[in-house]
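Please read the structure below before turning to the comments.
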Amino acid sequence: MHVTVNGEVVELSESTPLLDYLISRNLNPAVLVVEYNRKILHRDRWSQIQIGDGDTLEILSFVGGG
Amino acid sequence: MDKLIIGGKELKNRLFIGSGKFADESLIGDIVAQTGVEVVTVALRRVNLNGGKENILNYIPKDCVLLPNTSGARNAEEAVRIARLARAAGCGNWVKIEVISDNKYLLPDNNETIKATRILAEEGFVVLPYMHPDLYAAKELERAGAAAIMPLGAPIGTNRGLKTKEIVRILIEECELPVIVDAGIGKPSEAAEAMELGAAAVLVNTAIATAGNPAMMANAFSQAVQAGRQAFLAQPGETTEFARASSPLTGFLRS
């Protein structure tokens, strides 16, 4: 199945809880903000949401900026 | 005490800094500690899925007010989306609106900025819009619920100084809101110049971050902002065309 993550198509072997996916990508969930199919997803729900075929994720964090 | 209140928050320090372009981001903490800077801007970006740098928040002391910008937004809708995401990150409800579609001079689009300000102020954000200095736009931002206005001194990152001085002076005189000069300030003397005019604060990023010694430059800016503020409060004397002697014009020693 295919999921679009930050504009790139990513292949997933099976539907995965979002939180597990984030951890599998070596991301620190504490500093992230996630948009799931164009809706902001509160971090309380990251372990419940299963990402699957056709989903779109934006995974963002703060960087230096002026 | 001379305090600045923005969005209900009392600030003692009138130098705001940006966190971009630091070769060594760990300097940000030192700068905040040395200068007492209270407001620090950040940007929101897609994470690098292949591993990236340490998170910027690790370098910004926790008691700072975080001011996420909406850089990357080309219209009001994108700015609103970024602002909501930034708030969802759980670092407060301040936002610097930045709507830019001009890639050469990075000049802000006042119309889109006003639209975004209206929506976000309605949603309870403390909105600080980066703007092109214009009186009508400033008034519109005031009505839209901005907490302050942030006119540019010169294009972002140029270090060219307070090129917009005359209009910024008028905005300060005519607007109820605090006026924070953002962008283009390259040297401490220019920050002092803005403060002498009566600016509420200045936001400096490039001039500090790209200095040979960023920490020393931040100190210089901090002192300049304080000096400029004091000069404004002290009410400068009048300027005149011709010389007026400072020493008495009587009792000269003559041979």
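Note: Cβ is positioned from N, Cα and C throughout, glycine not excepted.
Now, the feature entries from TrEMBL:
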DOMAIN    B:6-248  domain 'Thiazole synthase ThiG'
ACT_SITE  B:Lys96  active site, schiff-base intermediate with DXP
BINDING   B:Gly157, B:Ala183, B:Gly184, B:Asn205, B:Thr206  1-deoxy-D-xylulose 5-phosphate binding site
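Across the residues the record lists as binding 1-deoxy-D-xylulose 5-phosphate (B:Gly157, B:Ala183, B:Gly184, B:Asn205, B:Thr206), the two Cα atoms farthest apart are 9 Å from each other. Chain A has a C-beta under 8 angstroms from the C-beta of B:Asn205, taken from the recorded positions B:Lys96, B:Gly184, B:Asn205. Annotated pair B:Gly157 (1-deoxy-D-xylulose 5-phosphate binding site) and B:Lys96 (active site, schiff-base intermediate with DXP), C-alpha to C-alpha distance, rounded: 16 Å. Local packing around the binding-site residues B:Asn205, B:Thr206 was summarised as the count of other Cβ atoms within 10 Å of each Cβ; on this measure the leading residue is B:Asn205.
Cα of B:Gly184 (1-deoxy-D-xylulose 5-phosphate binding site) to Cα of the residue listed as 'active site, schiff-base intermediate with DXP': a distance of 16 Å. Taking each of the binding-site residues B:Gly157, B:Gly184 in turn and counting other Cβ atoms within 10 Å of its Cβ gives the largest count for B:Gly184.
Cβ neighbours of B:Lys96 (active site, schiff-base intermediate with DXP) (same chain, under 8 Å, six or more residues apart in sequence): B:Thr41, B:Leu67, B:Pro68, B:Asn69, B:Thr70, B:Leu128, B:Pro129, B:Tyr130, B:Met150, B:Asp182. The number of other Cβ atoms within 10 Å of the Cβ belonging to B:Ala183 (1-deoxy-D-xylulose 5-phosphate binding site), over all protein chains shown, comes to 28. For the domain 'Thiazole synthase ThiG' (B:6-248), the model's average pLDDT works out to 95.
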